[in-house]
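Here's what Swiss-Prot has on this protein:
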REGION    1-25  region 'Disordered'
BINDING   12, 26, 29, 35  [4Fe-4S] cluster 1 binding site
BINDING   66, 67, 68, 69, 70, 71, 72, 73  ATP binding site
BINDING   240, 243  [4Fe-4S] cluster 2 binding site
């Protein structure tokens with residue numbers, strides 16, 4: 001991916017492209033002159049700070065989805081808990097869904113505050129080996145809308161990356177907003193500048209309306225050189241809690257995520273069932289693995305965690 005400066009216009013072709021400083025989208029950009037002469041913008045002074053923070057994080061995983069409402073944040077929170085079931089591993093969640101942060105509610109820490117010190121922001125502790133950072137902790141009222149343009153969102157994401165004092169972390173899961181917007185471009189750019197990115201998990205539901213956007217997300221990863229660890233199909237079926245009968249909830253007119261993965265040469269890591277008890281646990285900020293340890297879904301999350309760990313060895 002050609003580099004796109006943080007302060008570039010929306011139509012920036014990238015500093016490494018043939019049209020740098022000359023394309024119509026470059027008009028009025030503060031970097032236009034330097035790009036046109038081949039000099040490019042000055043080095044980003046924050047990159048070394050991000051590199052320093054992330055040098056203590058072993059594995060960094062993006063959680064992506066093309067469409068909202070497919071369960072991306074649900075997957076993030078429960079995969080984090082599954083990974084943290086090993087007390088020897090330190091796990092963290094970074095919630096960069098700036099306009100729709102839901103992790104604090106799901107993790108039962110909605111009323112907590114972030115403390116700032118000379119070492120930076122201290123993420124909120126969920127359990128001894130699991131922490132969380134979200135813009136929701138910085139809002140005066142949890143019902144306040146975040147009405148920001150792209151540049152301000154990107155600035156917030158950069159601040160998360162350079163100012164949060166994570167400490168030593170084995171797995172950092174990054175919960176992103178749906179789509180392939182400014183936030184995704186800036187986030188990937190910053191992360192790749194900071195060092196290797198392990199890859200992305202892409203979340204979908206079985207119906208073609210969801211898969212249409214998943215294919216765009218796959219294209220985004222290819223173009224930005226983000227490795228794809230695999231695809232997770234959420235709400236693949238409903239398992240009756242009384243008789244264990246399985247019912248397909250959504251039509252799979254094109255074969256669902258399984259066929260899409262075959263067509264795209266991707267691995268389908270899990271097909272997670274829909275379980276009402278999970279929605280209740282998330283609304284109440286409870287640990288689903290404690291409230292429903294024997295459920296099919298809890299076991300599916302634990303199996304997924306093992307597959308993810310195997311890919312990161």
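Heads up, the Cβ atoms here are built off N, Cα and C, so glycines get one too.
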Sparsest-packed of the listed binding-site residues (69, 71) - C-beta count within 10 angstroms: 69
Other same-chain residues whose Cβ falls within 8 Å of the Cβ centroid of 12, 26, 29, 35, the recorded [4Fe-4S] cluster 1 site, in sequence order: 5, 8, 9, 13, 15, 20, 21, 23, 25, 31, 32
Cβ-centroid neighbourhood (8 Å) of the ATP site, 66, 67, 68, 69, 70, 71, 72, 73 excluded: 65, 178, 203, 205, 210
Neighbour-count leader, CB within 10 A, binding-site residues: 67, 72: 72
For the binding-site residues 35, 240, 243, the one whose C-beta sees the most other C-beta atoms within 10 angstroms: 35
Lowest local Cβ density among 66, 68, which the record lists as binding-site residues, within 10 Å: 68
Separation of alpha carbons, residue 240 ([4Fe-4S] cluster 2 binding site) and residue 73 (ATP binding site) (Å): 24
Cβ atoms near residue 29 ([4Fe-4S] cluster 1 binding site) (within 10 Å, other residues, all chains): 20
Nearest of the binding-site residues (12, 26, 29, 240, 243) to residue 66 (ATP binding site), judged by Cα-Cα distance: 12
Count of other CB atoms lying within 10 Å of the CB belonging to residue 26 ([4Fe-4S] cluster 1 binding site): 20
Residue 35 ([4Fe-4S] cluster 1 binding site) versus binding-site residues 67, 72, 243 - nearest by Cα: 67
Chain-internal residues near residue 12 ([4Fe-4S] cluster 1 binding site), provided their CB is under 8 angstroms and they sit 6+ positions away: 4, 5, 25, 26, 29
